[in-house]
Each structure stands twice: as structure tokens, then as C-alpha cells.
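These come from TrEMBL:
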REGION    1-22  region 'Disordered'
TRANSMEM  88-110  transmembrane segment
TRANSMEM  116-136  transmembrane segment
TRANSMEM  209-228  transmembrane segment
TRANSMEM  234-254  transmembrane segment
TRANSMEM  352-374  transmembrane segment
TRANSMEM  394-416  transmembrane segment
TRANSMEM  437-457  transmembrane segment
TRANSMEM  477-498  transmembrane segment
TRANSMEM  519-542  transmembrane segment
TRANSMEM  562-580  transmembrane segment
């Protein structure tokens, strides 16, 4: 009887060429799972004021500190724009890579709540450190001065100690951000009972509120916080986000008794390794008609937790399914697994297959996110050399230029949700109007359009600046000419970025949510690393034989437009690669254990 609960026998006449024969028999007790206890213990929307407010304030704090950081490094630390851009790109890449560490620590050891709490403290330490650089004059280079005889501006570069203190603050900030970002969305989802229809609707609403609050916070940063940094002082501009971060930590801890805490379930990476090792050990077995095969390991949660969703059995990478074949002495007398490195559950195998299927799609995000990295670096450099006046008495801070992409996003998001998506549903008969991969593909096209339009606008800005030859190099051209390229960048975020988040959260099972949310930040890391690499290569290769360097300190003498066109060309090649991967992708549809349904897969063509 014990063995019957763990696997189903496979007879030769039941075997077929399809992998459907590997499906375990339905375990009766799965249909009897009572979710009433989950409903009673999960607070739902009662926990959202604490979680959403903490998330919003945390983003306002960290983004408020880093959004205008390019200007801070150039003005206060006297860095050239390439060095400042590389520091920002490396920092972004660093915290993005650390999201994998944060997700792993949450899943294996600490759980999401404690990981977020400790990461928030690390973020606060980093923010206090960076704020001190604005308060203490000895922690940054002295102001530039004008030579009385030659009337030239002289700037003293930063010392190793000053730069080291700044990098320590950025390191702490990266550690904290790497722990908060991959856990915040899954922790919010944990508060709802996803086994009920109402719970799933609440999760969908939570995503909307999460994204809406993030957009509002970014708008506040792009206006109020950056205005204080540029027009009042950097000390006050950094102090306000730091104080807000302290309030966010207190607010998050205040809801600790309300939250539903999910215990760590162990390492996903170890589970992946077990599947690969077990499949290798059984590589000589056949999936069908092998006398040594007794059956497949049942997909029953062995840790007593309720399994909310299962990955369906696929026909892809069938060789890995050998890890689930029961042979010889794989089972103990009580029906439990004797050696997890030799026998795995079929769901463990499907999780590995799911991850490997998504990897090619995920890899395509790097180059597209490289365009996203230009918004805080060279787009700001463009804005600094354009007319930023709004009326006779107000000048827009250069760091607030991102506000244009956010405004376009705020306009296009409800239009897509309320108008375009329902219209597409009627045409395509798809529940979301378009598939997730089609949405990502549209985002990639918008990223290419951003680079092309940015190059064209930069040509006009440069020609205007050179023809008028003003002393400060500012072109008599309104900064609002940057709106078209930033509009396309906002559309890339609406389709490409949100499409990636949607794909990972839909395709992966609930136990892999932290890992799934870290993948989007790995895309950001790949994009910023590629941006740093391309910038460094372009900076070294160009500027020879009396030709201007494309990315020189004086963008009027450089050719930033050529750099944008290069990014556009890389984007076109990347889109061809993405299209070739997406054509053969088969979606996973998670089957609820309380209502197993037969579904058909969608293929992007």
C-alpha cells in the first residue's frame, strides 16, 4: 500500500510514444485538501496597507537617492560622464545579481519576512553612508574654482578615500536592494489564499496596486525629490529619502503580527542538481518498456505543505524524466524515497524543464535592457545640454527627464487595459488579447524605436548646439524634444518589462516565485553590464586619427547619435533571436490541485 501511494505501475500495453504514460495516478487525498485553514490564517488585504506602504516608501527612498546620482557624481565628485555612467551601471548590475542571493537566502534559510527586514536595515546603512558624503565636506572633493588669470575652471578629482567611502555606501545599498526586490512581490502574494477564486482575483488586484504605487512613487521622485537635490541642497535631497526609509522599516515591522509567514522550503538549486544527477545515473534506462522500471515517483508534497499548483507533464526534454523512474531499491519499505540524488518527483523534473525552457527567452532581455540603462546616463547628458526652462522662472532638473517616460506610461497603461486589450480580445479570441511573448516582442520593438529616435534627436540637438556656439554649449532646443524617445521607452516598460514579469510569474510554480522575480533583475544586470561593456569598447575604439570620441565629456564634440544607432542595430539582431526562440515556445498552464483541468498549449507563431 505504501508503494501504491508513491508511484503508479507502468505496463507495456499502457506505454506509448507520448510522455503521457509517465503521469502518476491521481492521489485521492489531493482532492480532499481543505483550504479553510489557509483562509483563516492568511490576512489578505488586511496586510496590504503595511506591505504596499513599506514597498512604496522604500522605493521612494532608494530611487530618490539614486535617480539623480549621475548628476551628483559629475558635479560633486568631478567625474567624467563615462566614469559616472560605468559606476551607476556596475552598481545596478551588482544589486541585480544580488537578487539571486536574496531569493536563495529567503527560500532556504530566513523566509521572506526576515529577509526583507534585514535587507531594509542594510539599505538604511547604505543610505546613511551616502547622505554623509553630502553633509561632510571632507568626504567629497572641494568645489571647482575659476583661475583668475586664464579664466578656466579647475576641478580637483576625488581621492581614493572619498571614492572608497562612497562605494561602501553603494555596496550596502546594493545588498539591501538585492534582498528586498525579489521577495516583496512573493511576500504580498503569500498573504492571499490562491486556492480560491476570490484569492486569485485579489492577487491580480495586488499586482495592479503594486505597479501603480511604483509609478506614482517614481513621479514624486522625478519632481519633488530631484528638485530639492538640484535647487535646495544635496544634503537635504539625500536626507529626506533616508528618513523615509527609517519610516518604511518601522511600518513594515508594525504589521509583523498580521502577516502570514511561509516557512523556507529548501533550495531550488539543490532540487535542480538532484534532477540532473538522477537523470545522468539513469541515462541508460528507457522511458517505456523497460523491465527494470517499476513506475514514477508520485507528485505529492513531502513536506506537508499544500501544493497550490502543478506544472503539467510536457513532452520536452524527456531524457530528464528518467530521474523520476522508480527502479531497483529507490523506495524504502514505507514508500519514501531512499536517495533523493537517485530518485526525484516528476514535479521536480518539470520545474527543471520549465526553467530551461525560459532561459533562451530570458537571455534575450539583456540587450533590450541595455537601452533602458541609457535613461539615467546619456539621456541625462542630453538634457543638460538642452533648454530646460518651463516659463521664465523655472528650469527643469536634468535628472527629472525620466518623468516623461513615466507620464507616457501612466497614459498608455489605462488605455491599453481599458481600450486596446478588450479590442484585441475580440480579434484574437485570446483571454489577454495577445500572448505574453507577443507582448514582450512589442516591447523589444519599442526599445529599438527608442534608440533610433534618440539618435535622430541627438543629431538635431548637436547641430543646433554647434551652429549657435553658445558659451555653455547648451543648444537652443527645448528638452521636450526628448519626449518621443522617452515615450517609446515607457512603452517598452509597459510591454517588455511587464511582459517578462508576467511570463515568469505565470510559468513558474509558487515555490519558485522568489527565483522567478529575481530573473527580471538578472535581465537588468545583463543589460547594464552589456551597456558598460559597449560604452567602454566604444570609448576606447573611437576618437583615434583626429576623429572625435563618440562618448567624450563634451557631447557636442562627440557623436552620441552614432552610439544610439549602434544600440538600435544590436536591438534588431536581438529581436531576430527572440523571434526564433518564441516561435517554438510552449506555454505551461498550472493546474490547480482542487480542480484539475485539461488545457491546450499556446504557441507563438
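Yeah, the Cβs are placed from backbone N, Cα and C, and that goes for glycine too.
Only sequence-distant pairs (6 or more apart) were considered; of these, at least three Cβ pairs between the transmembrane segment (234-254) and the transmembrane segment (116-136) are under 8 A, so the stretches are in contact. The largest share of C-beta pairs under 8 angstroms with the transmembrane segment (437-457) comes from 562-580, of the ranges 88-110, 116-136, 562-580. Within the chain, the transmembrane segment (88-110) has long-range Cβ neighbours (under 8 A, six or more residues past its boundaries) at 66, 69-70, 73, 118-119, 170-171, 173-175, 177-183, 264-269, 373, 376-377, 511, 514-515, 517-518, 521-526, 528-529, 531-532, 535.
The transmembrane segment (394-416) shares the most Cβ pairs under 8 Å with 477-498, out of the stretches 209-228, 352-374, 477-498, 562-580.
352-374 is the stretch from 209-228, 352-374, 477-498 with the greatest number of Cβ pairs below 8 Å to the transmembrane segment (562-580).
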